[in-house]
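One structure follows; several queries about it will come next.
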Amino acid sequence: MGKSVVILGAQWGDEGKGKIVDLLTDRVKYVVRYQGGHNAGHTLIINGEKTVLRLIPSGMLHPNVTCLIGNGVVVSPEALMKEMGELESRGIKVRERLLISEACPLILPYHVAMDHAREAALGKKAIGTTGRGIGPAYEDKVARRGLRVGDLFNKEAFAEKLKNILEYYNFQLVNYYKVEPVDYQKTLDDVMAIADVITGMVADITTILDTARKNGEHILFEGAQGTMLDIDHGTYPYVTSSNTTAGGVATGSGFGPRNLDYVLGIIKAYCTRVGGGPFTTELFDDVGAEIARKGNEFGAVTGRPRRCGWFDAVAIRRAIQLNSISGFCMTKLDVLDGFDEVKICVAYKMPNGEIVEYAPLAAKDWEGVEPIYETLPGWKENTFRITDVNKLPQNCINYIKRIEEVTGVPIDILSTGPDRVETMILREPFAA
């Protein structure tokens, strides 16, 4: 019987989802992206070769897998063609194995221009977007003025819609933000030059998935960013513009929610965050700097340094609630090697003295929050590339077990290095 498994970030993104998607892809027929855009950098290291995929599902490196981009994904034609070109130059057949929903909103140059203009205007209060036009494209979707992949089939109608929407954007860019307008003809010409390639990959994603389920095929849904960046449930307004939680699978692909069998939450052995927003366990000392150095904590897309802190079970409990997480995959366990002690945040002390075990929702409610830590003995032994759980140091095993206890969710997969072979599968998600 076929299983449908969701892989998503249970923290603030950058948890190592790409590697785990790639690891489990040899079990499946389809890998599906259901939200986000090319703001998500999924890094894969296979036999020492590094690949960063931003828009195309990570399953593309497996020749027998079909990759689907669902309606919840915002698609930049330029970014898509660039990524396709990079993969095809390595002999990977993309357009024969990539299918796209016609309902995907398009990201066009005016979205990027607006993204940059807004962040510049906000100055120090900037949200910290990737500047790739993701938010403005989602805005257009909700406002029902956006252009979609399906609009590329009718080039005359597309040109007229583009003209109208550019008038709307250029008025704001010029008169409010005092920046240069976006050129209509260049935008139109650039999109039309690649329109036929994109429309050639359009398919009914919902029907494909439903048929696969009925035929007993395994399906893997690949999330982007992380739970605490969800537009509705994250640390608003320091969030992304899509639903990064498991509910986004149904709305972003058209796959019925009752058909999901297992949700794998990816967690680092510590926490990181990029950009602004609350981060209760953030470390500003030498320990934080050492975690960042050992973990090579720089964004795959932006290159920005990530903020680092101890493992936050309070935020994770909220992620468990929001996603119905079946099991965890813990990544970067080896980064904690060598520390005298390691800490787990088990509760928050609110400004009024109240002790809470679940993270607040809005960013404003995190102000003045203090972490309450449990301190455990660290381990000096090297766990890098260990693939036998029985060979892990006892203090490391104790740390893992304690995280399972304070969260109530089993750790089903352990990752001890960037390559997909440097992994221990303790419970198989597709057999759970």
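Glycine is no exception: its Cβ is also placed from the backbone N, Cα and C atoms.
On a predicted model such as this, the values are computed, not experimentally measured, just so you know.
Sequence annotations record features per position, and here Swiss-Prot assigns GTP binding site to 13-19, 41-43, Arg306, 332-334, 415-417. Residues or ranges marked as Mg(2+) binding site in Swiss-Prot: Asp14, Gly41. Look at Swiss-Prot and you will find Asp14, Glu15, Gly16, Lys17, Asn39, Ala40, Gly41, His42, Thr130, Arg144, Gln225, Thr240, Arg304 tagged as IMP binding site. Residues annotated as active site, proton acceptor in Swiss-Prot: Asp14. According to Swiss-Prot, the feature active site, proton donor maps to His42, an assignment based on sequence analysis. As annotated by Swiss-Prot, substrate binding site applies to Ala300, Val301, Thr302, Gly303, Arg304, Pro305, Arg306, with the evidence given as sequence analysis.
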What three-state secondary structure does DSSP assign to Leu333 (GTP binding site)?
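Leu333 (GTP binding site) sits in a helix per DSSP.
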Taking each of Asp14, Gly16, Gly41, Thr130, Leu333 in turn, which of these binding-site residues have a Cα lying within 10 angstroms of the Cα of Arg306 (substrate binding site)?
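Cα filter at 10 Å returns Asp14.
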Show me the subset of Asn39, Thr130, Gly303, Arg304, Pro305, Thr416 whose Cα is within 10 Å of Asp14 (Mg(2+) binding site); these are the binding-site residues I mean.
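Cα within 10 Å of Asp14 (Mg(2+) binding site): none.
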Near Lys19 (GTP binding site), which binding-site residues out of Gly41, Thr130, Gln225, Gly303, Arg304, Pro305 have their CA within 10 Å?
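Taking Gly41, Thr130, Gln225, Gly303, Arg304, Pro305 one by one, none has a Cα falling within 10 Å of Lys19 (GTP binding site).
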May I ask for the distance between Leu333 (GTP binding site) and Asn39 (IMP binding site), taken between their Cα atoms and rounded to an integer number of Å?
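Rounded to the nearest whole number, the Cα-Cα distance is 25 Å.
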With every protein chain in view, what's the tally of Cβ atoms within 10 Å of the Cβ of Gln225 (IMP binding site), excluding that atom itself?
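Around the Cβ of Gln225 (IMP binding site), 28 other Cβ atoms lie within 10 Å.
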If I take the alpha carbons of Gly16 (GTP binding site) and Gln225 (IMP binding site), what is the distance between them in whole Å?
10
